[in-house]
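Features reported for this protein in TrEMBL:
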- B:7-122: domain 'Thiamine pyrophosphate enzyme N-terminal TPP-binding' (DOMAIN)
- B:198-332: domain 'Thiamine pyrophosphate enzyme central' (DOMAIN)
- B:393-540: domain 'Thiamine pyrophosphate enzyme TPP-binding' (DOMAIN)
Amino acid sequence: METTFTVSVFTENSIGILNRITIIFTRRHLNIDSITASESEVKGVFRYTIVLRTHREQIDKVVGQIEKLIDVVKVFVHEDQDVVHQEIALYKIKSGRLTNGDVEKVIRENHARILTVDPQFMVIEKTGHVAETQQLFEKLKPHGILEFARSGRVAITKPMKELSTYLKELEQ
Amino acid sequence: MNSTKITGAQAVLEALVAEEVNTIFGYPGGAIMPIYDALYDYADSVNHILVRHEQGAIHAAQGYARVSGKTGVVFATSGPGATNLITGLADALIDSTPVVCITGQVASHLLGTDAFQETDVIGISMPVTKWNCQVTKASEIPAAVAKAFYIAQSGRPGPVLIDITKDAQFEMMAFQYEKCTQIRSYQPKPELPIPAIEAASIVLNQAKKPLMLIGQGIMLSNAENELLQFAEKSGIPVASTLLGLGAFPNNHPLYVGFLGMHGDYAPNIKTNECDVLLAVGMRFDDRVTGDVSRYAKQASVIHIDIDASELNKIIKADVAVHADAKQALEKLTALVTKKEHLAWLQEFAAAKAMELYTLANTKKIMPSDELKMDEVVALLSELTQGEAVIVTDVGQHQMMAARYYQYNQTKSNVTSGGLGTMGFALPAAIGAKLGAPDKQVIAIIGDGGFQMTLQELGTILQSKMAVKIVILNNKFLGMVRQWQQLFFEKRYSFTEMVSPDFVALAKSYSIEAQKVEERTALKASLEQMLNHEGAYLLEVAVAKEENVFPMVPTGASVSEIRLV
């Protein structure tokens, strides 16, 4: 059965590491749903959060191959119940729409916030799970969405060992 | 040396000397010219072999590494020079061969501009290297080379590539070299997992019908002696994968044969009858397992490998041991009880006798018949007492060489296993001869594979390599033809080969050569080849439509191995 997995990859800061990771998915004909990357709590160590749907057996093999990469420090794979995850979505709609009471209601009800208002447009921000950002998208759609962007998932894992402890163990 | 400045190109050479490199296979070109210019001054300490194609360079480096246990080194230029290495990189990666490739690259300010002979070598080689990196500053060269050698030869070995821009080769730098011994994110040598080894020993001590499968991992961890001691104490029969041949003496009473698609009857059948399957330094390739859903289902599987990603990849292990084969076998030997499995071994002997009887009957040779591949290999084995280094290409001749040569020496079997690269043998034999100069190195090649890299006859000529070449010429791409016969209704689609006069060809390269067609002349021809001082090419005209049997057809279980 296909399940959604969150793969957290911790890497050294080396050129091409993203490519090295993604070709492992490509080779197995796996499509990545979302990927985010930025520096982790340890300076110089980067965290990639990759979300995809596949089988447990397949993801375990993929993780094995990613861990084998020289510049990869550690890989963790989790199902949704083991991660606290969020994504951020930005919606650009025409400024004029703000005077429409419906938009205000939608923003309130969805706990979204207005980031900026320009004479021509305004930008609304919503953080949450994909289902929530998607729900707001559907509600704003009738008002005309000029532009829409979502970040992809960032996730904190529940059972994971602290990265810095793990790094210390490695260096011993 | 510390205070004086040298060029990046000289730094490459100094770093290689620090890694005790004395042999390099390569081909010069624009973007690597500064390194070749520096090489000019190292003629006393470094033997550079000028090949005829970069693919030849990397296969030669692979052959060198496989017989010597040292890391093979390759120089190539940017663009086409580097892309010509790709097949060899893929081959070395799947067959765990330590190779360091150094490629020239266009000057750093030209990167990404489609400059002459510029190609994204890092991008192209990423999936086929254990590690690669691009160097754009001379000061980065020593650390990159040190890291490359450390990664190539540690853990599960593999190929690495360093791409050095031309400006970095010219740039001046203060040279200082320090060998790499640790990388934070890379743990090549796992700590011996004592609980797993103990669990394995308990399973083994209770086994009534254990079978051990060995792979190249035995040789890569230099565990030949530990294997011998373990086998002799535990009394467990030993079967080998293609790349494992030679790791355990083939004339040892506990040796029960070659595994897989064209392997021996006994170890294939017994895989599905044993109660414990102990696999060491092998990766359950599909050519070994056949249908995995019907593979050793009755057995407790113990899998020892240094590459954690190989454990539970194909075959679920009841006891997975992430360890170096040498350490694991040493510990396991101490924990197993001394046993003899005579009745069980007798079952292997009976199965072998059955195979020999069936093959002898189906292959009965009349004196007037054309020569057969197996008899050529068997005679060669006898004449060399199983002591030669045998280098093979890919196809029927490769399987015949695996089946009928008796490998009694470790690191004496060099072949392209995982990738199945035709054209591998001739250049690999050149490298093997340099890696084992005191040994008789014999390349056994088909007429098809030989023509994929025959340009390397020029390397043999120029570098005076005493390589012996046996071409088993059946005028077909034999293995594909065999499959066409068995599975495609004999529709021989483009497998018939018209070849040049191989003897005349060899002679044009000043290589002594002859062709043999008669059974009565075979022995004398082989002896003449073996006794010849320099390189020698012997073309053997063999039967056109001979098949390799036994065979586990694709999708079949190992217990469905066909003898005819």
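Using N, Cα and C of the backbone, Cβ positions are placed for all residues, glycine too.
Computed from a predicted structure; not experimentally measured.
Sorting each residue of the domain 'Thiamine pyrophosphate enzyme N-terminal TPP-binding' (B:7-122) by its DSSP state yields 57 helix, 21 strand, 38 coil. Across the range of the domain 'Thiamine pyrophosphate enzyme central' (B:198-332), the DSSP-based residue counts are 49 helix, 28 strand, 58 coil. For the domain 'Thiamine pyrophosphate enzyme TPP-binding' (B:393-540), the number of residues in each DSSP class (helix H, G, I; strand E, B; coil) is 64 helix, 27 strand, 57 coil. In the predicted model, residues of the domain 'Thiamine pyrophosphate enzyme TPP-binding' (B:393-540) average a pLDDT of 97.
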